[in-house]
Each structure stands twice: as C-alpha cells, then as structure tokens.
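Okay, structure first, notes after.
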Amino acid sequence: MATTLSRRGLLSLGVGIGAGTLLAACGGEDSPEAANTRIVARCWGGVWETALQKICPGFTEATGVEVLNDPGSDTVPLLQQKPGQYDLAWLIGNEAARGLTSDVLEPIDTSRIEKWDSIVTRLSDGQTKDGKVSGVPISYTASGILYKTDKVPFKITSWEDLWRPELKGQVALQNAPSIGGLFLIFTGARIFGSGPTDYEAGWKALERLKDNVQFLFNTSTDGVNKLAAGSVAAVVTIADQGIPLKSRGVETVVPAEGSTWSVQNVTIPAASTRKDQAYEFINYMLKDETQVEWAREGKAAPASTTVTLPSEVSANLVETPQIAQSLWPIDWYEFGQNITEWTTRWQRIFGS
Amino acid sequence: MTVATAARGEERARTGWLLSAPLLLFTAFMFLYPAISVIRTSVAGREEVNAGGFTLSHYTDFFTDELYLKALSNTLLIAVLTVLITGVLGLVYAYQLTMRPGLRQLQLALLLTPLLVNGVVRIFGLQLGLISVNDLLMWANLVDSPLGLNYSFTGIVIALVMFQFPFMAMAVYASLSRLDTTLVEAAQTLGAGRMSVLARVVFPLAVPGLVAGGVLTFAAAAGTFIVPAMMGGGRVNTVPQMIYTSVSQSQLWATASAFAVILVVVLVVPIMVGTHFGNRDTAGVR
C-alpha cells in the first residue's frame, strides 16, 4: 500500500529536516584559511570586553589574525566542558593556577614571551609553581580600603582600622568565593598572626570582623555603589575604583604595610589548536603602547615595568611603583587549592 | 470499522507522531538530557561531569552538614513566606479588580509594567528604596537604628514578593475574573459579612488561581539565585547559592549536581501536594 503524507505531515517533515540542517550547520568546521586567521578568546565582560574591542583591531592589523572575544564568567568550568573551543582565556590568578593543575591550561613557554622579564616580579612569581607558569600577567589591581570621610570618624591608614569598633555594621566586603573577601585571611594572618601563613589567626580575625560587616557583595561595583550612596561607610575592594569617587567624599587607601592584589592573566587552553597565534597575542598585549591602551580602557595597572603611563591614565590608577613594591606575595596555587574549603568556612562565619 | 477507516486512523496517528516529533526532540534535548546528566553526575565518584564510579557521599554530605541543612531550611522558608504573602496580596488585588473593574486595563498595565524592567535594576532600586524607608523611620524617631531591611532574610522576602506578586495576582485574577458577582450579592443579602463573603464565597473560587500562582511562586522563590545573592548580602545561605559556589570556583560538579537534585526533589513534594489540593473542587459544586 502506498503511503501518502498529508500537508501537515509534509510540514512536520520539513521542520524536522530544517532543524537537523541547522544543528549540523552549528557544528560545522572552519575553513583552513579561517582556522589560521582567527582565534577565539574567552574574556570578561564589561570594561574588559570594551577594552579588548579597542585593542584587538590593532592586533589584527599587525598580524592578520582576527580575535573573536566571547565574554562571560565561569571560564575554567567551560574550558573543562568544551575543550578546543577557545585559544585564549583571560583568568585571574587562582583560576589560572587551578586551570594548570587540572590540565585544562597549557604551561606557558616563557621563552616565547618577549617581555617576560619585564613583568612585575610579584605577579609572575604568583603564577609560577615548580617551574611551570599558568598564565601571563597583563595587568593588576591592588586591593584597598575605600571609605566615606563624613561617615568614618577617623583617618583610615592601616588594615587594622577595619576592626575598630567605630565601624560596627559599616563595612562591606566582597563575598566568597570571590577573592576580594578571602584576601582578608592573608591580611588577618599578617596583622594579627605570627606571619603571612598563619591562616588560623586570619580566620579568628575574620570572626572578630563579622560585627563590623554590614553586607557582602558579589560584584565589586555593588560595594562601590553602596559606598557612593552613603549606605555603608567603608568597602574593601579594588583600590582604583575609589578614584572617581573622590569628589563624593570617598577616600582611597592602600595601607603602607602592603596589600593583596588581583591579576589579569592571559592563559592558553591545553586544547587550543592555534597556540602560535595565542603567543602572538600575548606578546602584543605586553607591548608598551598596548599596555598603555589597556591601562586606559581597563583601569588596571600595566604588568610590564617598561611602560610609562601618560598622566591622564596614571591619574586613574593608585598603583604607583612604590605600591607595586609593597604588594604581598600570593601563591595562587595554594589559594586555588584552598578556595573550596575557605569558601565553606567563610559561609559558616558570615552566613546564617 | 472499514479498512479505509482503519487506514485513515493509522495515517492520523503517524501524522500525529510526525507533528509532535520536533517538540519531543526539543524536550529530550533541552530537558531530559540535562536532567539525566545532572542525576548521573550527582552520584559520580569524582567531581567531574559524567565521571565514572558511584557514590552517595555527595547526598550524605548534604544531610550531615549543618551549613547545608540551614541553607535548605532558609530556602524553603523563604519560598513559603513568599507564597503566603503574595497569595494574600494577590487575592485582595484580584478581588478588588474583579469587583471594581473601572480602569482595569490601566491597573493591569501598572501591575505588569515592572516586569519590563531588568531584575538587577529593580533590586538596586529596591535597595535604595529600603534605605530611604529606614531614613524616614529614623527621621520620624520611630526607630533608633536602621531596620534590617537590606542584606537580610527580610530583604530577600521583600524582593521576592515584589518580583512574584504580578504572577500571583494574574493567576488569581484569571480564576476570579469568571466570578459571578451575584454570588457575592446573594451572600450579602443573606447576611454574610465582608470577611465571611471573602472566606466562604470568594476564597474557594480563587483556590485554583492561588494554587497555580503558588506553584509558580514557590518554584521561582526557591530556585532563585540572584535575589538572595543581592538582597541577602551574603548573610543568608540558600541552596542555589551553594550550587553556584560549588561550581563557579571549585568545579565541584558532583556536589553541585547532588544539591540540585535534592532541591528539585524537595520542591516537587509541596508542588505536587499543592497541585493535588488545587485540583479538588473547592467551589462547592458536587
């Protein structure tokens, strides 16, 4: 018996074939030409993506390699889930370290980084463990205390001031697992303990700090916005964020005893098939003129020490050479290994 | 039945399958595959997606750790309170809209317009509004120190009520819009007071809408991440936050998957009870 399809049946079949074709097209491979002239980078959104949009055309002009930026968070899990999708990944210190230890990232061949020796030593040391380098620092930001001068009845000069009773319920910290809050373990260890690795002293200090904490924020801008609005008196965050708020009565302090910091690295996923182009991009990012542009757009201090920033750019950054010298050493590998346990402990202290 | 009729029936069945095939494929790809993947990962021996091995340790860890149990109780309490408050407000709103339908389009537009605004912006706006409330209360000498409206359990519930109220109100209104207002008049003629009318005439008719809105609100309130993250100020742990934390920095896929399965199972029970209750004829018709 011959089977005849009704109009609706044919329509369904058409939709099915169309959907199948679409799915097949989604999984299509690049042409060989495109494979060598385009790299895909996982980056952060917001100001970082904007900065990359301004910088990448120059790289394309110089090398003929186009950079496709895919902004988003949770990059390491994505690299695990989708190997081969990215040729570059922007990662902060502990993420890069974890990426390398979990074999998601390629160890950086520093001999291929033209200006490796010009990078601030504190930054490159933090990404190096047993001779393996997880990522190339491109820029960094120092942590600091931002406070409203009309709400804090004394001048903040030291990390220890955060524990003063006058700040009861007036401090905002970045929430774990973001590193901005967890840094205070290091701070507590140094200020109240026997040394930089006396983490138990750091935790005890955090427990004492709890009464002074009004809230924990998940994005750094949230804390700064509340400070500007006057609903909180002091915020521990990226120090550079305080500079635009000076006219609104916000003072920015990077205490003289030193500070923690965050670093913006470029890393190369182990599954990348365009590693040569990735190295080219990293070298381009470390060129002096690119570093200036990156500092201007990203509001972060250049990792290269050979860069002289124009005054209008340096005016927006607190990271002077003196502050670069006072950065505390951070072992991002140790930080990465401990972050799960530390986050849980943090939640036990601050959560209810 | 003739041969021709049977053939037509077969063809109709075949056409039906063809028609539903895209939807079935979509459901399988978008729901079943992720669900199976999550369940399988939740019992994996290692903290990787679809890793081999079998263990229930991720589940036992959850139920033996006070931190996670507290997060679960917070999640459920927040969801229940949100349902109760939006239910009461939604019932009153829908009832007055039914009884006084003047400017109904405008009222509905006002109800739904906030949904057009980005959720994060609404939360920021709410936070600033609650700061102003505290300032006002302190200015009026009604309180000595700011109330814990922001960054607290209360703040989360306030925000969720704000987010979920339109959905609850619309669901209840859908039930009450068919209300025969003569029933209310008849009850009043027979001597029923306003509360009695509400409780014995309006409420039973609103139950299907309350249940539908309640299920939506309960699931949304228990599953939300952004509201507790922003309004809780890191001081109130909930299960979605624990899931996010487990994956985002620590890549504890198996742990996060187990937490997600637990959350779904815990949510399914009250939702099924609610749906069962909602299906009963509460309007008194036998």
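Heads up, residue numbers simply count up from 1 along the chain you see.
From the backbone N, Cα and C atoms, a Cβ is placed for every residue, glycine too.
Look at TrEMBL and you will find B:72-274 tagged as domain 'ABC transmembrane type-1'. Residues or ranges marked as transmembrane segment by TrEMBL: B:17-36, B:76-96, B:108-131, B:151-176, B:197-230, B:250-273.
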Among the ranges B:17-36, B:108-131, B:151-176, B:197-230, B:250-273, the one whose Cβ pairs under 8 Å to the transmembrane segment (B:76-96) are most numerous:
B:151-176
Highest-contact recorded stretch vs the transmembrane segment (B:250-273), from B:17-36, B:108-131, B:151-176, B:197-230, CB pairs under 8 Å:
B:197-230
Intrachain residues whose Cβ lies under 8 Å of the transmembrane segment (B:197-230), provided they are six or more past its termini:
75-76, 78-80, 82-83, 86-87, 90-91, 94-95, 119-120, 123, 127, 156, 159-160, 163-164, 167-176, 179, 183-184, 187-188, 236, 238-241, 243-244, 263, 267, 270-271, 274-275, 277-278, 282-284
